[in-house]
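Accompanying notes for the structure given below.
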Amino acid sequence: MSTPLLNYAIIMGEFDGGAMVTASHLPGEMNGLKLAGRDAVPLSGDRGLPLLETMTGEEPVARWPAAGIHYRVDMLDDYIGKVAGFVRAPKPIRIVVDAGNGMAGPEIPRLFARVPAWRLIPMYLEPDGRFPHHHANPLDPATTRELQDRVVAEGADFGVAFDGDADRCGFIDERGERVREDLVTGLIAEFLLEGNPGATVLYDLRSSRAVVEAIARAGGRGVRSRVGHAFIKTRMREEDAVFAGELSGHYYYRDMGFTDNGLLTLVQVANIIAARGRPLSELVRPLDRYPSTGEINLRVREPDIVLAALAARYGNADLDYLDGLTVGYPAWWFNIRRSHTEPVVRLNLEADTASLMDEKRQEVLGVIREADPGAKVV
């Protein structure tokens, strides 16, 4: 069972909540719980989890017969029907799908069976928690190399890779090149705004300036958000946003109860290619305007000292602390923040030119190492 399917079941079944055992995009031995309340609103450190911690520490654990009613519900076919309902004017298209032995695997053939115009070229659809072929993490370039080669060898229109619980995904264009996750946000935002003029779109603060420009160009209202699904889902509801995207490969839809959904994102990319009649690489090219470092992970001893040193060094810039520290200049900017899932800080830097990006990357890393000589890129 995928996390998007669980979210759908919570919403449609009007359940009080749900729990998913998953490591998400991380190795299987890092399994944990994703918890959600009514309407699939996630429990987080800001909402729900502190109360749950108090309750579990103070209340005795009930015996199972006293804990409620246990019954089985199969909502997979209903869920696939819901996702397939978003397919628009499908055209013949060849798609390589790498489920990474995760939970997208059982869903993919069922979706393609409902769209005869699409041809599925499958990779690792069999669920296997040992992940024998590669980790199910589409953000890691090492995990998509085989998919990239397969897209080219098959002459496919695009490829898509899913993480273990299928709530995030990454795309490969017809040339076998990875597509930046924030550019997918811009691409889908432009498309959805055609049918929702003036609507609000959320983007995480690490996203390229090209995404902000694309939303405005399409007549939408762009809203900048903290990183993390709990924050984005809450803000989406507050803003009634039609769509949201994160650099982590999470894409969220109002039409799916403000939840993230990798399978629906595959559908939307296929819709865009069919509607535009152009290959994915050409569709993304206008958005790929600003050279970026990508996300650089650093292990540091004292993140607060590092952030303070950067704020002091760039005190003449536009600074904000929505999530970590963002430093903005007219021709370049960067964000550095603590990871929510790993013991690292994450640096993203973007500039108007490749030479300026390289210069500022070295400069910022130099400031970090001055503040923490033991800082290490990992």
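Each Cβ is built from the backbone N, Cα and C atoms, and glycine gets one as well.
Over in TrEMBL, the protein carries these features:
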- 1-46: domain 'Alpha-D-phosphohexomutase alpha/beta/alpha' (DOMAIN)
- 78-176: domain 'Alpha-D-phosphohexomutase alpha/beta/alpha' (DOMAIN)
- 182-287: domain 'Alpha-D-phosphohexomutase alpha/beta/alpha' (DOMAIN)
- 295-364: domain 'Alpha-D-phosphohexomutase C-terminal' (DOMAIN)
The domain 'Alpha-D-phosphohexomutase alpha/beta/alpha' (182-287) [mean pLDDT, rounded to integer]: 97
Secondary structure composition of the domain 'Alpha-D-phosphohexomutase alpha/beta/alpha' (1-46) [DSSP: H/G/I, E/B, coil]: 16 helix, 12 strand, 18 coil
